[in-house]
Structures are given as structure tokens and as C-alpha cells.
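Structure first, commentary second.
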Amino acid sequence: MTPSLGVCYYPEHWPEETWAEDAAHMVRLGLSWVRIGEFAWSRMEPEPGDLRLDWLDRATETLGAAGLKVILGTPTATPPRWMIDKHPDMLAVDANGQPRKFGSRRHYCFSHAGYRDESARIVAILARRYGANPHVAAWQTDNEYGCHDTVLSYSDPARRAFRIWLAARYDSIEALNAAWANVFWSMDYRSFDEIDLPNLTVTEPNPAHVMAFRRFSSDQVIQYNRMQAEILRAHTDAPLIHNYMGRITEFDHYEVGEDLDIASWDSYPIGFLSDRLEASDAHKQAFLRQGDPDMQAFHHDIYRRVGKGRWWVMEQQPGPVNWAPYNPAPLPGMVRLWTWEAFAHGAETVSYFRWRQAPFAQEQMHAGLLRPNRTEAEASAELRQVAEEIAELGDVEPARARVALIFDYPSAWAWETQPQGADFDYFRLVFAFYKALRSCGLTIDILPARAPDIAGYDLVLAPGLMEVGAPFVEALQAQNGLVVLGPRAGHKTDEMATILPEPCPISELGGALLLVESVPPSEVIPLQGGGAFCHWVERVAATETVAERTVAGDPAVLRKDGLAYLCGWPDAPALGRMLRAWCAERDVPTLALPEGLRLRDTATHRFVFNYSAVPLTWDGTQIPPAGVHWEMRK
Amino acid sequence: MTPSLGVCYYPEHWPEETWAEDAAHMVRLGLSWVRIGEFAWSRMEPEPGDLRLDWLDRATETLGAAGLKVILGTPTATPPRWMIDKHPDMLAVDANGQPRKFGSRRHYCFSHAGYRDESARIVAILARRYGANPHVAAWQTDNEYGCHDTVLSYSDPARRAFRIWLAARYDSIEALNAAWANVFWSMDYRSFDEIDLPNLTVTEPNPAHVMAFRRFSSDQVIQYNRMQAEILRAHTDAPLIHNYMGRITEFDHYEVGEDLDIASWDSYPIGFLSDRLEASDAHKQAFLRQGDPDMQAFHHDIYRRVGKGRWWVMEQQPGPVNWAPYNPAPLPGMVRLWTWEAFAHGAETVSYFRWRQAPFAQEQMHAGLLRPNRTEAEASAELRQVAEEIAELGDVEPARARVALIFDYPSAWAWETQPQGADFDYFRLVFAFYKALRSCGLTIDILPARAPDIAGYDLVLAPGLMEVGAPFVEALQAQNGLVVLGPRAGHKTDEMATILPEPCPISELGGALLLVESVPPSEVIPLQGGGAFCHWVERVAATETVAERTVAGDPAVLRKDGLAYLCGWPDAPALGRMLRAWCAERDVPTLALPEGLRLRDTATHRFVFNYSAVPLTWDGTQIPPAGVHWEMRK
Amino acid sequence: MTPSLGVCYYPEHWPEETWAEDAAHMVRLGLSWVRIGEFAWSRMEPEPGDLRLDWLDRATETLGAAGLKVILGTPTATPPRWMIDKHPDMLAVDANGQPRKFGSRRHYCFSHAGYRDESARIVAILARRYGANPHVAAWQTDNEYGCHDTVLSYSDPARRAFRIWLAARYDSIEALNAAWANVFWSMDYRSFDEIDLPNLTVTEPNPAHVMAFRRFSSDQVIQYNRMQAEILRAHTDAPLIHNYMGRITEFDHYEVGEDLDIASWDSYPIGFLSDRLEASDAHKQAFLRQGDPDMQAFHHDIYRRVGKGRWWVMEQQPGPVNWAPYNPAPLPGMVRLWTWEAFAHGAETVSYFRWRQAPFAQEQMHAGLLRPNRTEAEASAELRQVAEEIAELGDVEPARARVALIFDYPSAWAWETQPQGADFDYFRLVFAFYKALRSCGLTIDILPARAPDIAGYDLVLAPGLMEVGAPFVEALQAQNGLVVLGPRAGHKTDEMATILPEPCPISELGGALLLVESVPPSEVIPLQGGGAFCHWVERVAATETVAERTVAGDPAVLRKDGLAYLCGWPDAPALGRMLRAWCAERDVPTLALPEGLRLRDTATHRFVFNYSAVPLTWDGTQIPPAGVHWEMRK
Ligand SMILES: [Zn+2]
Ligand SMILES: [Zn+2]
Ligand SMILES: [Zn+2]
């Protein structure tokens, strides 16, 4: 597969007489894809039923005629103002009970039937008109589900839909009361109609209640996207794509991905380091203009699996953005580095956001490939270089990794529902494992927990997997490599209850869970082998299967044959040490990379990336800051 | 009095066939009390009027037959879901105007007449049925009044009740306008019906208005509890108890205590250090698994007075809990230490929360004496040891202390209403005095400010007592020991106005208050004798009565005969020095204890507790971490 | 002009029999002005239409008979409780949609027509009754517009008024859609009635929408004040004054000032340092009891221009206040220093808040010239000294400064609307420039950006001036001195769009803006000449006009003839260095003052102020802490 480049474009923002030159310029830069349409509903249908698609016809034709392939977005993330008049209760409601008003974007509740019908209507109109258009080579559904915290809505329509969802999940209200153990604080219900959304309670609501609401909320996104996908499928053979975001865990991306052909995501390395990563000040300073060295790769690997192997970067940060706490410019070379890193992880296409920086409205401080005055911005030269390098390098085929890491959305909800420590977060835990693996120079696959194909991996890690369901257990039993579970793996049922009766992973390993502790950052529990547990530790009774102990003598790692269990959250030194030992056991070679240096193996090449702001040496080769190096795999 | 042990039990959570074995197991562990019923309303009355108390009959009988004494709780902290349908406006409303919804517990407003009637109804039903039951040896009213910030409610029923309360307090609206000085910003009212609750005002409301609302809110709790107590008294001779919480100051516990026989409180040392104590990071780290060395004792001493001498720990933390920011496990031995410390302060009974850890719902991460799988958790061995030690030691009779400290709930409200410094808090001030006294090895009584029996104490301290009322003044005059007032003592009238005309304590000592300062933590005012004032300092004009001055030469302590006044908030060094001097004057022996070591004298024994994580030496005896030592008083 | 002294007085707070003695005492202290009436509506009109002004007649007569000149305040900042019954929707609504209730002050929305009519009615009543009263020598409109965040209101009346305002500003809804570029996210409107206020949107609203709301909100204050001024003018020849606050930027003070005769402000140096200044902990500690050395002067210079040369301090802090996070007492001498500093900046009158400390209500902890018991508080002696010194010194005439600094309210709104960095703030930027100028010993004039009379200044600085409008450009062209623009100057149109097509200041200097960066406090961009850019840097392409470069080689300062442009936010070392160079170029002498020492030149005198807590030496003269020194100008 030869990688390709693209860009996001808004013909409705610019005079029609400039479209042709824009298209020609895109082609000159080496771009082959252009995404349009996803925010243009008010120009497609300025009054209810008054469709104005002639401009979109012409834009598609102009871009297509220039040789570009169009990705057409459904405009449902930005319903026009008149939609609110038709459906005043379509707005999502926040956890404090406030409607989230018109005036920006994503102002809809996934549970509102009227808006779902309106969405179906506009999608059908576009599908019928452009489904067979030769220039429309892909479709995007909506835009960034979940961005701006828009999955959870506490609206009346959401409450009604939740009750229906609960009635379908539980046979009877008695079954629900039993499953949630509503006896606990006299929380029993007499009918599904008595159940409210779990916000604004006096103290914490029942975690089973919260978890049900989280599952429901994810399902609403899945259903909404499926509705769009089914309509599009009826009219087009082009692949269907959604552009996911970074560190959004409120819906199950794997399930949304099942209904689409390609996963894509919107990669803003500098903004994400600034606004959504736990990291020391020193780390944030060291990578201020580069982004965290593992954040992009982590998402690349998630979305490769979400896309069942096919994935893109739909929006690549090309320069300073407008929405992070601070918005520095990328170090020269970083746009090229980010692009090549995506390709090294198997991306088919990297598309930049956006073509020309808007001189108006919310994102006027967000860089584009062109400046507002249409001169080429800094990133243009870098992607021109990438286009040339692609031509030289040719195909980049991803290899299956030898190491797999489980990332499970329901576990993220479970950790949020019942964190037990003030700074606990499932993404943080799994990302720490990912970072430790990458520090060892490993190439990684990320897998879901349901029915994962873990056979054949040398090492499978499933930190924090709250519920270890039957499919995963079956898959484990079929596994030949080493599977490492824990901390906190298999502790809960799918109703967010403590697993009881056993078995759980600990009992499988001949142990018994005595108690768990959460501790503040100032407290660590040192391990005999070096490093320590931090944040979370489980006190376990076990004898024969104890593979490692804490300095205090408590079991720290249980191990029997191909199954290991971690009785705590290991810090980076402990985790690196363990990973290297486990890999050695399976003859998986490891390295000890400095934090700025990262690598990724494809079937044919090894790519090396220098995320740091100083030159670093790789295997005798000096790689400059923001430098990319590749070599044939030995 | 021989101390006894108990436990909190939820028969409705467990299969009935396990009750008898649970009861037998309790007895084997040395427990004699078991509390039940307080959250079970939905199982007592699943539909309005459909009473199902047979299971409670059987549970009581099973427990009683095993030899346990039952404490029966009224279930009013957890009204069932159907209650909200009957009384939709019974929910409390937070300061932002949001109803606090069903779905956890304590979802009621104390001012709602309909809910008060429903509460009376269920209490009467239980009282009639179990008032003479031979196994029901005590009653608990409701559960943890004020927990989850539930005293202050800004609901419509609260507003109506407040107006009625005001009309009863003031003869006329003119009297109220005058008392509050509503002239200040044209805040005059023409009738009581114009008065709103003091939330959501543009800037701060009149402190007299806030203080009235605070007094009213406390009164609503008192009335609500009195209603339950009166109903129970009509049907039972068993003692009435409420289980108070830690650092809840929103209602006057002394007044609630007047209507009950025994005070009890719920002691969670590790959780409270984490979530409700100002302390340095180093202090929180040093006592991470033990709790603050003075927090429990302070509450023991408060609740001994609230119970007019009779008090319990109703819920003792037995292991990690689920609700603090971080939830580490107690150091081995701490459960025993906490238990003995309660006995040393005069507790009749220490009861653990809870019997068996629930594997479901909100508190599934909260340890019990048994684990979810019914094996004995860590605490069980410690309380078995305590049970044996009780048998050896026999009676523990509290002695009257030689030093008294005033703790006054209205002063807490006054400090919150008008703090003058961003980090000011009355509890914090009084607790600092308590800690200083304990560092001197002193045994302390805590007293209320109204009509306190201070005669006979060698030293009485009343820091921060905003209003020094007539009963206290009278009691002072009858006092033979040394009374130390200040800082900020007697500054206000009971309408939260500046005391004017005098007399106030300062003027009694021949001084005049010139001005007051609040200062940030970075600023201190050094004293000539060592140490400094911090947070708050009063500049006072005085001559003959000046007992100590600041380094700058201003009066710091006034003194005449048996009355002293502190013109500022002393830091720990200054306070320790002063306390030792005052005690020396009265021949009260003092020590200089390290922070981890604490002692308590009873009539016959001296108890020594090592709260630290390292061994400490007491009078030649090494006491291990979490160690308890006792000796006959010399 | 000989400066005079005054005080704020509340006859309605005190027994009438004490008024005469209070008045006599004021005169003895050297006061000649007394402000009354501004919070007394409920006593002027206790029931709707029931006017009771006899007490005000007598108070005015008593004060006047004693020789005092009365400033009569309109009482519209404190509408009585009955007003809310008449106009329940008159309350302002906060950004979360909550009405801001009665119970303190400023409880009205500027857009409410009913309340505007009520205000007009009471102002007319007072104007007719006292407009010709010989003792009423000045009028104050309302009190502290904008205090307690009261300019922006999200109420229904505000929404309706905003739509009318928009309809007047834009010819058609199409024009508005185009001006705001509502195409961006399908935000197009079909009529003005569809436009909501820009709060509670899902993510950020259109900055053009926000900016329009900010302009509208400022206009509502202007209109409301103009209404009062026009009514008063019809009945009196006495000067009209408003008392502005510190660091309030929500309305355009210059425009309000156009309708009045004298500007005044309420100066609380210690409170403001504590609660509204970015400063290091060390700085806040060093000036804890003095206030920031530049904060008062900055406001003096702003309000001198707002008052078109005539200005007062209406409320001068005389001791500890009650509303800051911490409220220490002024260092002895500071009240005198603050007073003389105001005179040095041209104040006609300094008036203290308040005469006698109230022993009740919200401000009972706020010091006055008298204590609650009527003894003289600390400040009284200092102002008696000032009164004597005034008599000795005679006239103080301000000189026109040689250096001017632009302060522009719309730029403050623009920076808030689109900060681009989490800690960005326009006031902070301009104040940093002011502080740097003062550190050079310079005397400064502050000017608005619209039609400023900048001709004749040697140096004019306009940092952060987002929109450089036509009047300013014209004025620039007529300027003979050096004009320094930037950072971020002229980047936006008046619709908050990126300036396009050019010209902008950068392009005027032959440059082109490539990109902008915001960076966290940890990051700086060093300059070749020393110091660095911080917070914000603009990457500019330029060649001949580059006057200075960053260490990395990028243009840092552009310069051509009398126009310079700063491509970033200079830190204090860089700015001081540049200022000294620019001044040297124009033969404006500069000094290097320590932070505690500040000076101000009038036409005849040089005043030197020691804000520090230690003695400092000025030109051979030792000035004690809080000391004031003056000398004839050489
Ligand atoms: Zn075509
Ligand atoms: Zn029995
Ligand atoms: Zn007269």
C-alpha cells in the first residue's frame, strides 16, 4: 500500500472563483484527497426543506476535475438554527441540568428521535445525490463523536431512552433491582419509569446505575452512527469513515468501527500534550513543540484495530492551533515526522486540517497549510517533502506485532465510575504500559477485550481490565504466549459488582484477594526486584505462584505457566524491568530507548523518530531533532 | 463500666439462611451489639402502606437468640423512591438552586412537612412493633445527620419554614430590619414573606441574614430528631442514640444530644485525615495509615459532652474505605489502637462498620470485618484481641479533666459567615488549641458555651468564641481557675453585629480594640516570648493588663486575675509555651510529647498511644508503631 | 488647584442627634466634601411612591451648615425589595443562567426597561428636590458600575435588547451573517430573533458573537448612565461624577466619562493587590500592607483621562477592609502616601470610605476614619497631617507627560474573547508596560485608542491594541514622536476577524505575519539585546525594518522612522532596556528605580513615594517606609 495525503477544505468559506486554483494548488503540493461538507448544513438547507446543493455539486466537480478524490462529510454535527425551533428539546443537557445551547457545534442529544430522523433525512438526500458520484471516493459520518464532552446527555429524551434501554436489558424491574443490588440504600424501583439519570444525586449514585448509563450512552452513539452508515450503504460503494478524536473514551470505538470501513482520527500532538495528558512539567516543557512521543502512536494503534486494519489520520495538526491552554508552533520537521509516524503504523492516508487558515470565526487562530492570505504556511514545505519521499519509498505494509496490549472502553467507564483513588484513570494506566513497551523499542498491537484474537502473540498485557469476560477467558486458554493481567483485572462483574463467587484471575493463579489500597502520589510500595507499585496495590494471599514480592514481603506478581498477574500499578522502572524479562523469556528483543527516541517496525522497514529537540544517536546514526530515519529490516 | 464491642449489620443484604451463622460468628469474635435497619425502608415498606416487617422480626429474633443486643435504626435517611412521587418537593435544594435527586441517600429536606409526617409514621410503626422487644436494647434515629452537606437546603419548603421561624424570633418585621440593620444597603423588608434564603445574591448577603439561616437550619435538624425521639420514648425504655459524623458543624450537636440518651459517632481516622483536615503534606504522609493523632480524641471528647457523659463509637473504620481521595489500609494494630483510645476517652461501646463487606453498590470497596467472601478480614483479629484485653482490664472510668476547651457550634457558623481571611475556620482554630493541649500530655474535657459547668477546672480555653453570652459570663464569674479567651472572643452580638456598646472580654480586661488584621500564611507577627501570631491579630490598646507583647510592642496577651485574653491566633510554638506556663501556674503537670505519641488519663489508668509508624519510647517503655500501653495511675 | 479632602457618610445609619457632631468632627479633621445617599433608596421610598425625603433634607442641611459640600448619590445601585415584586425579571442572570437575587446590592440588569424607568423616576425626584440646593455641590450617579461582575447579564430582557441592538448595528440578518462569518459551523441566522446570548454553548461561540455582546453590554451601561446624567443636568449645574472601580474592564469608561464632568474611582490598594493582581508571592508579601506601587498610579492616570482632566478618588481605603482574601492593616503612613500620590497625579479631591465603621451588616469589618465606637481610627491622624500639608504646599497642577500609553476597553474584551493563551489578559499586558515605564522614573499619560490626541508626545505605546482603527491611524500619521505598537496590535477587524486584506501595522513596516505562538510561563524566547519574549510571540517576515532579532534570528522589533512594532510580549528586562533606548532617542531622561520607589512630576513639583517597608534613598535623601518626599522641579 502506498500512502497518500489529503486535506480538509471548506468551499463554502471561500469565493467560488478561487476553488479551481485551490484545487490545482492542492495537487501541486502532492495531495490526492480532499474532505468537504461536514459543517455546511446551513448552506445545504438554509430553510427547512429548501435544499441548495448546486454549490456542492460544483465544488465536487471542480475538485474532482483537478484530480482530487473527495471525502464527503454528512453535516450532522452542525444542525442549523432552524432545527432548534423544530425540536427545542434536541439539545443535550449537561450533568448540572443545563441545556447546551446553539451557537457552536455538536449541539444535539444522541437520544432525540426527532433529530435522528432529521439526520437520516439529510444523509439520505446526500447519499442519493452523491452516492454514485465518481469524485466522491469516501464518506465521513458526522464529525468527532464525543468531542466537547457530548456523549453523556442528561436530557428528558435521554431519560426516556434510558428507561427503554433498561427494559430491554433486564427482564423485569425485579431483575434490575437484584442486578444493581438496589436494596443497599433502599434504592429499589417499582417500575422502569421510576429510574432517573444518575446525575445530581446527594452523594454518589449506585455504580451499577452509572455503569448502565455509560453503556447506554455508548450504545446511543453506535446506533446513531449505524443509522447513517446503513443509509449511505444503500447508495454508495465508497468506504465509510468516521474521524475519531484523541483520548475520548465515552463510547466504544470498536463497536462504532464495526459499522464502518475505515477508522480515522484527528491528531493534534501539541494540543493534546497541553490539554489531555498527565505529565510532569519537565516532560511538557521538553516536548512543548513536538507532542508526547507516544500519544500519537498509541492512537494509531487503537484506531488501526478500530478500523479492522484500515485507518487514516483525517485531521493532522499542521501548525499552532487555537484551543489548547497554550499553542506553540511545531518544531520544524514535526509535521513530516508525525506524517511518517502515521504511515509507519499503517495509515493509508494522512489528511491535514485545514487547507487555508480561516480569517474568521472560532478557529481563526488555527493554522492551515495556507495562511489566511493564501501564502503557503510552514507545513506546506514539509508535506511536499513527504510526498516526494513517499514516491521514493513506495509501499509501507504493517507487520503484525509480537506484543499486544488490551484497551477496553467499558473498563474506562468502570474506572471512572469507581476510581477508588482521586487521580485514577484507566487511559492513564494503559498509556503508562504502552509507554513502557515503547521505551523497550517494541512494536505493539492494541486489541479489544471482547473476543480478541490474541493467539500468536508472544506477550499480551491487559492492565486494569475490570471485567474479564467469557470470550476473553476462552481466548486466554487458547493462547500460547504469556498473558499478563492486573492490576485490578477481573475484579468486577458486568454489573459493576465485586466478582463473587470467584473465579477471577487471582484465584486462577491460586491466590486470594485480601484487600486493596489506593495511595497518594507521595506513597510507593517498593518491590524486591527494583522499582515500586504506585497509586494502587492489592494485598493477595498466595504461595506457590508468587513470582515476585514487595520489599515488605507481600506477593507482587503471581505467575503460573502462561499467565501472570500484577498485584499493583507498577511505576516505570518496575514495569520496564518486568517487560524486558517477559520479552526475554519469549525471545522478543528489547532496547532501552531514551524518551525522545521511538521506533516502529513494518513488514519491511524499521522507522526511527526523534521526538526530542536535540540530536540523538540511533545505532550509530545521528538523527536530528524532529528527524525521521528508516532502514530495511534486518 | 466495662466496655463492649458491636458491629453494623444488614440482614436485608444477605440470604436469610446465613443470618444465624453470622450471628454466631459475631458472638465468637466477642461482639455484643449489632445495629440493623437504618437503610431498609424500601424493604420494610416496598409500596406506600404495604408494610413487610416479618423479615425484620426474624432478623431481630435470630440475632437476639444468639445473645446479641440489637440497636434498631429508623430508616429515614433512605426514603424509598415512591416517597418522591408522593412528595416531589421533599428533596433538598443546593445553594445553586438544584434539587438533590433520589439515587443515593439523605435525599430529603428537613423543612418538608410531608416528609416529616412520613418519618413520624414509619418511626411510630417501628416503635410500636419493637419498642418492647427484649432484643432491641437501643435505638438509633436516622443516620449521620448532616453527612453529604445535607443540613442547609435552599428549597421552597425551607424558605417557607424560614419565614415562619423568623416571625417567631422577631416580634415584627421592623424588629428584624433593626436587628439585621437592613438599612445598610436598602435591604429593608416590609413583611416576613419578602425574605428569601441567602443564596445566589449578587455579592455577600447580610451576615445577620446568613446567621439567622444557619440558626434556623440547625433548629430544623433538632426538631426533626426531637420528633423521632418523642415517638420512640412513648414506646420504649431503651436508650436513644444518634450516630454523628466527623467535622460536621452545620447543626448544634449539643442541642440534638439533649433529646437523646447516648451520643455516638462514626470514626474514620484515615479517611478524615485525607479529606477533611488542614495539614501539611508531610503530616498527611506521616499518618497516612493511622489517621491524625488528635482527630479521634477531639471528637471523642466532644461527643462525650454531647451525650452528657454517655457515648459510643457507632461506626469504627476497620480497614480501607471507599470515599476518601485515597484509601490506604490501616497499619497493623491501628484498629485495636483506635478502639482502646475510644475506651480511654470513656466510650461505652465501639461498633465496627460493617460486618461483611458488600460486594455490590456504592460501598463495595469499603472493608468490613469479613471480606465479601465471608473470610475474616484483617480487623477481626485485632478486635478479638481487644475483646480479650477488655476481659483482663475490666472497668474503664473516665476522670474529669483539669483542663477544658469550649467548642461552640454557633461560633463555627459565625466564622463561616464572616471569616475575614480566606483560610479561616473555627474548627481549625479550636482543633489547633486541642492539638497543642494534647502535645502537653493533657487530658481534656470539651464543653459548650451555653451554661457550661466550668467551675472547678484549672484552665478553661475559649478560642474564637464569637459571642460570649450571658450564661457564659455568669459561669466565668463563678470560676476559680484560669479562663483564657480569644482570639476574636466576644466580638459579636447574637445578631452577628459588632459588639457595641461594650463590655466585651477585651474591655473587661481594661483594653480597647483598635483594629483587626487577617494575614496570609506567609505573614506572622512574632511575640516577645517566642513563637508568633498567625492568620489573625487584634491591635488592642491596654496598659496595666498587658501580660505579653509582640516584638513590635503591641499587646499580645491581656491578663487580670483569672481571666486572660489572646490578641491573636498563636502558632504552635507560642501556644505550647503559653499553655505550659498557664498549667504550671495551676500545678497542672505538662509534658512535651512528640506528635505521634498521645496519652489519656482515666480515673484509674493512664493510656499511651503510639500513632506513628516507628517505635517511640514512653517513660522508659518502648511502644511499637500502632502500640497501646497502659499503666495504673500513680 | 488646591486639593481637598472628603468622606463617605451614611446619615441613615446613625441616630439623627449625632449628625451635627459628626459634621463638626469632619470639619475639624480638615474635610470639605461629604458623599451621602447612594444606598438609601429603601429609606427614601419605603413603599412604592411613598417618598420620605425629610431626613435627607435635614441631613443635607446639617452637613451643609457645618461648612461641608455634599455629593449626593443616586440610590439606584440598591433598589428596595418591593422593586423586585414590581419587576420580577429585573434581576441580572449569570452565565450559568441563574438569576442573581435580592439581598445585597447591584441586583439589576442594565437592559431592563422597567427598572430603567424606575431609576429615571427616583433620579428625577432627587434632581428636582436637590438640584438647586446650595449644599449639594456635586452628584454621583449610581455606585461602582460593574462591581461584583454586574455588566454582563444573560437575562431575557438582555436577550431582547441585544437583538434590537444587533438590528440597529447591521442592516440585515444577511449582513450580520456575513460580518460574523456564520457560515463557519452552519451558525447562520434567518432573523435577529433567532440570536441568543453567547453563553452555555457546547464549545466556544463565535468570537464575533461574543464581541458583539461585549460591545452591547458596555453600551447598556453607557445608556443607563446617560439617562441619569441627562435628568440631573436638567435640574442642576453641579458637576456629575461616577465612582469607578479598580480593574473593571467590562464597559468603556471613556464613553461613560463623556457624559459626566468628573471621573472618580474607589482605591483599595491593599485589597486590590490581594485579589486582582497577577504577582509573585514574594511581591505580594513585600507590599502586603502597602499595595502594589503602580496599581493606584495606573488607575489615577486612566481616570484622569476618563474625566477629561478632572478626577477624584471617591473612596480611599483608610485601614483594613473586609472583602479581600486577606485584610491586613496599612503600614503607618500609607494613607497619607496614597493621598499625596493621588494629588501628584492630579486628583482634585480624595475622599475616604467611610466616616464611621459600621458595627453591622456586610461591611462591619471595613475600617473607617472613626471606629464603631466613634473614636478616631489610625487613618484620621494621617489625613489631619495631609490637610496641614495641603495648606503649606498650595496648588498642585499636573503637567502633560512626555510619554503616553494607550488603554483600550474593546481590546480588553477582544483578549478575553480570544486569548490564545490560558493566562493572557490585556490589562496584565498594559499594566506590565506601565510598570516598566514607572521603573524608569517616567511620568505617564494614559489615552484611549479612539481619536487620541497623541500629537506632541515623545513616546506613545500601544501594546495589545487588537484593532487599530482609522482615527488612531490618522492620529499616528500626525505624530512627531515615536509610536510603538505591538504585540498583537492591529491583528483584528472590529468584527473580531483576522485583519485581511491588510494593511496592518506589521505590513506598514514592510513585514508579513507568518504565525503566532502562545507559550506557557516556563518558555521564553531570548532576544539578542537581552531579556526575552514571554507568553506570546509573532513570527514575522521582514528585512530592512528589522531593528532587533531574537537569539534564534527572527525579527523581534520592526522599526521605520517614528513607528516601531514589537513582535512579542517582552519580559521586564527586555522592556526596560527598550524603553530606556527609546527615551534616550527622544531625550526623555530615565532612571532605574527600585520597585518600592516611585515618582511623579507635576508642573511644579517632583513627588517621590516609598512604597516599600524599608527606608530607601532618593537622590541623597533617605525616605522612610511609606514616606512621601517632594521637591521643586529643577
Ligand atoms: Zn467530474
Ligand atoms: Zn427472642
Ligand atoms: Zn443650608
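Glycine is treated like the rest: Cβ placed from N, Cα and C.
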Statement: substrate binding in TrEMBL involves A:Arg105, A:Trp323; of A:Asn143, A:Asn177, A:Asn373, the partner in that site is A:Asn143
Query: Once near-sequence residues are set aside, which residues in the chain of A:Cys109 (Zn(2+) binding site), 6 or more away, have Cβ atoms under 8 Å from its Cβ?
result: A:Met90, A:Leu91, A:Ala92, A:Val93, A:Tyr115, A:Ser153, A:Ser155, A:Pro157, A:Ala158
Task: Based on Cβ atoms within 10 Å, give me the single least packed residue among the recorded positions A:Arg105, A:Asn143, A:Glu144, A:Glu315, A:Trp323.
output: A:Trp323
- line: Cβ within less than 8 Å of chain C, restricted to recorded positions A:Cys109, A:Asn143, A:Glu144, A:Glu315, yields none
- prompt: Among A:Arg105, A:Cys109, A:Asn143, A:Glu144, A:Glu315, A:Trp323, the recorded positions in the record, which have a C-beta under 6 A from ligand 1?
  reply: none
- request: Would you kindly give the Cα-Cα distance separating A:Glu144 (active site, proton donor) and A:Glu315 (active site, nucleophile), rounded to the nearest Å?
  value: 10
- prompt: When DSSP states are folded down to helix, strand and coil, where does A:Glu315 (active site, nucleophile) land?
  reply: strand
- request: Give, as a single whole number between 0 and 100, the mean pLDDT over the domain 'Beta-galactosidase trimerisation' (A:401-570).
  value: 94
Statement: If you measure between the CA atoms of A:Glu144 (active site, proton donor) and A:Trp323 (substrate binding site) and round to the nearest Å, you get 15
